[in-house]
Amino acid sequence: MSILKETKRFMVVAMFIACVFISNNMNVAVANEIGYPGMGRGDRQPGCDHGNCPPDQPANPYHRGCEKSKRCRGPDPPALPRKMI
């Protein structure tokens, strides 16, 4: 029975150490947050002042894709034979 008690005691100590280690790492993760200065001024062109900028245009215009059920991406499937053996 003493081996079982020692094993339980060891597991409790190991869990406590793991919890302390994880909680210390959580504080470091919270500190690595990107703020507004890190993001810069956005996608504006250099030298673009107020009122002198061309209008924004999307890089890739949206086009709705084709669904597989509509079969518009490839040839039609082969026709089924009329007689099934």
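The backbone N, Cα and C atoms fix where each Cβ goes, and this holds for glycine too.
Per Swiss-Prot, the features are:
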SIGNAL    1-31  signal peptide
DISULFID  Cys48-Cys53  disulfide bond
REGION    60-85  region 'Disordered'
DISULFID  Cys66-Cys72  disulfide bond
COMPBIAS  75-85  compositional bias 'Pro residues'
Within 10 A of the CB of Cys72 (disulfide bond), the number of other CB atoms across every chain shown is 9
What's the CA-CA gap between Cys53 (disulfide bond) and Cys66 (disulfide bond) in angstrom, rounded?
36
How many Å lie between the Cα of Cys66 (disulfide bond) and the Cα of Cys48 (disulfide bond)?
39
On the three-state reduction of DSSP, what should I expect for Cys48 (disulfide bond)?
coil
Between Cys72 (disulfide bond) and Cys48 (disulfide bond), how many Å separate their Cα atoms?
43
Cys48 (disulfide bond), Cβ-centred 10 Å count of other Cβ atoms over all protein chains shown, is 11
